[in-house]
C-alpha cells in the first residue's frame with residue numbers, strides 16, 4: 001500500500017475527545033494490550049497528530065503520529081499498527097517468519113506467497129482468513145511487515161503451502177516507514193530456537209547443520225523489479241547439505257570439469273530453462289510472467305546437489321538470458337504491462353540440441369527426475385516406473401504399451417544411447433575443444449613395403465593436439481631412422497607419420513610417458529617387438 005509515495009491531505013493535532021476515542025478503538029482492536037500499554041501507545045499529553053493522506057492507488061488513509069513516528073493507520077474503519085509500534089509490542093499480532101531475501105520484494109509491493117514461509121518446529125500460528133498478522137525474518141522476532149491472511153492456517157497446510165498467503169499492507173522501508181525517524185528493526189531474540197541461523201555473505205547461504213528440511217521455493221507476485229534478482233533457490237538439496245558444500249555458492253563443480261564456474265552456471269541455467277519448457281510449462285499457462293517461470297518452473301528443475309544462481313552466470317540477470325533465448329527463437333518475451341515481462345510464445349518444435357552433457361550429469365538428471373516424480377517402484381527400489389515423458393524418450397514404438405518399468409542400469413543405458421556422442425579435449429593453456437562424435441584412438445600399425453622392409457605408421461595424432469611433423473622429427477632423432485609425413489588415406493585434412501622399422505616401443509614411451517596420454521586412447525601397442533627379436 002505504501003510502496004510508492006503518498007499524497008498528504010491534512011496534518012492536524014488530535015483533539016482530546018478524539019484521543020480518548022482512539023484509545024477505546026485500540027483497546028477493542030488489540031485486546032492483548034493492557035490499559036498501561038494503550039496509554040503508552042496513545043499518550044495523554046504528548047504531541048499527537050492525525051494525518052489524512054491518499055495512497056498511490058487512491059485509498060484514503062488516516063495515520064496517527066506520535067513523537068514524529070507513525071504508530072497506527074486506519075483504512076476503511078480498521079486499525080493497523082505500524083512496524084514502529086510492533087517493535088515495541090512484538091507479540092501484538094500472530095507472527096509468521098520468512099527469509100531475508102523476501103524483504104526487498106515485499107517492500108516493492110509484492111504479497112507474501114506461502115512457499116516463502118519458514119515453518120518453525122512448533123508449527124505455524126493459528127489464524128483465520130482475514131486475520132491481521134505480522135511478518136518477521138529468520139533470526140529476529142522484530143516484525144518487518146504486516147498483512148492480512150488470505151486463508152486460515154488449516155487451509156495453508158491443506159494447500160501444501162502453495163498460493164497467496166498474505167496481502168501485505170505495510171513494510172519496513174516503505175514510504176510510511178520513511179515518514180518517521182527511519183530507525184532500523186531492533187534485534188529481538190526468537191521465542192524458541194529458530195530452525196535456521198542464516199547469514200548472507202557474497203550471495204551464499206549458511207544454515208544450522210541440524211536442519212534437515214529443504215528450503216522452500218520462494219514465489220512472489222506483484223514485484224516491479226527484474227525477476228532475475230530472486231536468488232538462492234535450491235533443488236532437492238537440503239540447506240544442511242548446502243552449508244557443508246565447500247564449493248563457492250554451493251555450485252558443487254565437478255573437479256574433472258575444466259570449465260570455469262561461470263561456464264558451468266551458464267550450462268546449468270540453460271539446462272533448467274529447457275527442462276522447464278519441456279516438462280513443466282503448459283501452453284495454457286501462456287502468457288507467463290518471467291518471474292513465475294523462474295520461481296515456479298526453472299528452480300524446481302535444478303538437479304539434486306546443484307544451485308541455480310543467475311548472478312554467477314555470464315548473463316547476470318534473467319532478462320538478459322531470456323533475450324538470448326529469444327534470439328535463438330526458442331521463446332518470445334513481451335512487456336505486457338510497464339516493467340513486467342512475460343513469456344508469450346514458445347516454439348515447442350525447436351530442436352534444442354547442441355548442449356554438452358557428461359555421462360555423470362545425465363545420470364544425475366535422470367535420478368533426480370525419477371525421485372522428484374515418485375517414479376521409483378515402492379516394492380522394488382531397483383525398478384523405475386516409466387511416465388509418458390520417459391516412454392517417449394527411451395522406448396521403441398512396439399514397447400510403448402508393454403514395458404512399464406525398467407531397472408536403473410537399463411534406464412540409464414538407454415538414455416545415454418539416445419544422446420549423440422561428443423568429446424572434449426583440453427590442451428595446456430588453451431580453451432577446451434568440444435567435437436561431436438566419438439574420438440578415434442591414435443592408431444599404430446605395421447606395414448610391409450616393396451623392399452620387404454617394415455615401417456611403423458601412426459594416424460590420428462591431430463585429435464590429441466599433437467603435430468605429426470614434430471612427432472616425426474622426434475622419432476627420427478631417437479630411432480635413428482628415416483621418417484616421412486604424408487596425407488592419411490581416406491581421412492580429410494589428416495596426416496600420418498611413417499617411421500622405418502618397428503618403432504612401436506619408442507612410440508609407446510613418447511605417447512604414454514612423455515605426453516601422458518591414457519593407454520585406452522592408443523591402439524596397436526601390442527605390436528612392439530619382443531625382447532631379443534630383430535626389428
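Residue 1 is the first one shown; counting continues down the chain.
Using N, Cα and C of the backbone, Cβ positions are placed for all residues, glycine too.
Per TrEMBL, the features are as follows:
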- 221-259: region 'Disordered' (REGION)
- 329-418: domain 'DM2' (DOMAIN)
- 442-515: domain 'SUI1' (DOMAIN)
Where does the mean pLDDT land for the domain 'SUI1' (442-515)?
88
Pull the DSSP breakdown for the domain 'SUI1' (442-515) and write it out as helix, strand, coil residue counts.
26 helix, 24 strand, 24 coil
Quick check on the domain 'DM2' (329-418): DSSP residue counts for helix, strand, coil, in that order please.
35 helix, 21 strand, 34 coil
